[in-house]
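Starting off with a structure, shown below.
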Amino acid sequence: FLVFIRNVKSAHYGTFPNMSRRVVRQSKFRHVFGQAVRNDQCYDDIRVSRVTWDSSFCAVNPKFVAIIIEASGGGAFLVLPLHKTGRIDKVYPTVCGHTGPVLDIEWCPHNDHVIASGSEDCTVMVWQIPENGLETPLSEPVVVLEGHSKRVGIVCWHPTTRNVLLSAGCDNQIIIWNVGTGEAMINLDDMHPDVIFSVSWSRNGSLLCTACKDKRVRVIDPRKKKIVAEKDKAHEGARPMRAIFLADGNIFTTGFSRMSERQLALWKSDNMDEPICVQEMDTSNGVLLPFYDPDTNIVYLCGKGDSSIRYFEITEEAPFVHYLNTFSTKEPQRGMGYMPKRGLDVNKCEIARFYKLHERKCEPIIMTVPRKSDLFQDDLYPDTAGPDPALEAEEWFTGKNGGPILISLKDGYASTKNRDLKVVKKNILESKPAPKAEHIPIVQKHAPQSSVKMEDKLEEVLREFKSLRDRVILQDRRIARLEEQVSKVAM
Ligand SMILES: *[C@@H]1O[C@H](CO)[C@@H](O)[C@H](O)[C@H]1NC(C)=O
């Protein structure tokens with residue numbers, strides 16, 4: 001494949017028709033070896049979502065793989081324990097509380113049983129997954145975060161603080177929530193004039209960078225509600241961009257040139273006037289989703305609709321972004337999950353694991369660095385971000401910062417049982433104006449009695465609501481079973 005490198009700073013131009021012949025530098029990652037797992041290690045018979053939104057549709061952690069699926073009349077995603085490979089039954093329980101399609105999901109980095117979802121129904125929901133996965137459909141989130149007026153396409157947990165979650169909606173707003181209290185703490189509603197394509201936290205979560213349909217990449221200090229740097233036409237093409245923070249504070253972007261070639265670029269986050277480098281890749285039209293490993297400084301690019309994963313090592317020497325290799329298969333990817341480092345098998349020298357979504361299955365892809373020795377390869381595994389948060393939500397909102405708390409993978413990673421997520425809501429009845437009198441019968445002379453009545457009434461309505469919801473879930477399952485029987489008869 002053709003690569004054109006333009007290094008603006010040193011005016012270092014060149015075209016390299018065959019990168020693999022031009023080995024100019026040593027890298028232990030030059031011979032990363034990618035391999036799809038055996039068929040029986042895939043997750044089969046999954047109806048991957050067809051919603052038109054360029055998110056990854058898949059989220060992975062050391063315990064579960066979650067996949068956004070097609071669901072009639074609502075939105076749902078599957079949560080499978082990693083070992084639950086093979087054919088997934090049609091009636092396998094889903095997370096099904098949204099009333100519109102789910103657009104994005106992300107596991108909490110500090111609790112492997114907590115996952116957030118954003119949906120076309122304009123809400124964000126946070127879910128607690130039982131220890132061994134779902135045995136019945138889960139329609140009751142721990143908390144519903146309401147504040148967006150249009151669909152919510154991005155959810156993104158703070159990397160180092162407990163219970164801080166960001167969401168971005170097609171109302172062009174970013175909201176940062178304290179999940180522990182269910183409150184919208186920061187609202188960035190006047191920074192983006194158009195749809196937000198991507199949001200990424202910096203390594204310690206003090207800054208954000210965003211890519212927007214107005215072709216700008218912005219670096220934002222969310223607590224000061226200030227744009228600290230921005231670049232207009234970071235990529236000149238009209239198709240979607242992505243921007244992510246790297247560990248050293250630089251920003252890596254993907255996008256399209258004016259001639260619709262796919263590009264990648266590297267920028268300083270404090271001054272984005274000129275790129276550190278820009279490289280043109282090819283003329284495919286799938287959005288390039290970047291996945292980043294801060295420990296090895298490798299970026300993996302998965303094009304939506306491509307059938308390959310390309311990876312690059314980023315260093316401080318020109319051309320800064322060094323092409324390493326491409327892993328290709330025959331079938332295009334509908335989405336992709338990326339395992340956090342602590343979920344990898346260090347005994348196999350695994351340095352990355354992807355979960356590639358096909359139309360009807362999810363296929364793990366394992367990247368390894370071949371080594372002869374059986375010993376722990378500490379040069380491949382510098383200490384990596386562990387599950388413990390550095391800060392509590394209140395600390396971050398009041399201005400503290402903290403980098404990730406690192407752990408060694410020397411003896412492998414054993415996940416422990418996390419405490420359950422608890423949401424302690426402030427008494428909303430105290431802060432909101434009282435409901436209008438005509439809705440609730442109030443006995444004027446006996447105020448205390450009336451509030452008791454109100455509570456009773458509320459409880460009754462809630463009970464009724466729950467039973468209706470349960471009935472809908474049961475009907476859904478019944479319909480799915482019937483559909484299956486009908487399809488068998490039809491064959
Ligand atoms: C957090 O990162 C910013 C830059 O991204 C840096 O200026 C700051 O010193 C860091 N703070 C801590 C406590 O790590």
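Each Cβ is built from the backbone N, Cα and C atoms, and glycine gets one as well.
Annotations in TrEMBL come from automatic prediction, not curation.
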Can you check which of 416-450, 451-485 TrEMBL lists as coiled coil?
451-485
Below 8 angstroms Cβ to Cβ, which residues of this chain, lying six or more residues outside the repeat 'WD' (189-230), approach it?
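Same-chain contacts beyond the ends: 54, 153-154, 156, 158-161, 164, 166, 168, 170-174, 176, 236, 238, 240-245, 247, 249, 251, 253, 255, 267, 269-272, 294, 390, 396-397, 399, 401-404.
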Do any residues of this chain, six or more beyond the ends of the repeat 'WD' (95-129), have a C-beta under 8 angstroms from a C-beta of it, and if so which?
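Residues 49, 51, 53, 55-64, 66, 68, 71, 74-79, 137-146, 148-157, 159, 162, 165, 167, 169, 177, 179, 340, 385, 387-389, 415, 418-421, 423, 473, 476 contact the repeat 'WD' (95-129) from elsewhere in the chain.
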Take the repeat 'WD' (145-187) and average the pLDDT across it for me.
98
Can you count helix, strand and coil residues in the domain 'DUF1899' (22-86) using DSSP?
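The domain 'DUF1899' (22-86) comes out at 3 helix, 24 strand, 38 coil.
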